[in-house]
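What follows is a short report on a single structure.
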Amino acid sequence: MALERTLSIIKPDAVAKNLIGAIYNRFESAGLRIVGAKMMHLSKEQAEGFYAEHKERPFFGALVEFMTSGPIVVQVLEGEDAVRKNRDIMGATNPAEALAGTIRADYAETIDENAVHGSDATESAAREISYFFSDEEVCQRTR
C-alpha cells in the first residue's frame, strides 16, 4: 500500500474545548504522522474558497460562519492509506451516527459542529493540502 497524505482540520468547536492534543494523539496512535501543522483564524474569503464546492448548498452560509467563528488547526497527515485511516478515526459526519471511539462520537455534539474535517479522497487531499500549505511547509519525515 502506498504512502498517502491527507488534510485534516480541527474545527473551532474542538479547538475551543482544548481537544487539539487529544485529537493529535488519535492520529499518532493510528500510525499517522503529522508532517505539517498550523493554527489560524480563517477569513470569510478563505472559508468560502475552501468550501467553494458547497456554495450552492443550503448549509453553505452557516458552514462559513462556523468555520470563521474561532481558530482552527490545519494539519497534513501522512501514512499508509492515510485518507481512509483518517476518515475511520473521525467517524461519520453526524456524531449521532459515528461509531463509539471515533473523534466525532467522543467530541462532537452536532452535525454542524462536528469537531474535524478530513479529505475524502487522495485527489481532494492534494487540492486541500495545497490550499493551506506550500511545499516548503510540509516536512519530509524519514523516521
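Here the Cβ of each residue, glycine as well, is placed from N, Cα and C on the backbone.
Record check: Swiss-Prot places Lys11, Phe59, Arg87, Thr93, Asn114 at the ATP site, and the matching candidate among Arg104, Arg127 is Arg104. Looking at Phe59 (ATP binding site) and His117 (active site, pros-phosphohistidine intermediate), their Cα atoms lie 16 Å from each other. The Cβ of Lys11 (ATP binding site) lies under 8 Å from the Cβ of Phe66, Met67, Ile72, Glu113, Asn114, Ala115, Val116, His117, each on the same chain and at least six residues away in sequence. Counted over all residue pairs in Lys11, Phe59, Arg87, Thr93, Arg104, Asn114, the record's binders of ATP, the longest Cα to Cα distance measures 21 angstrom.
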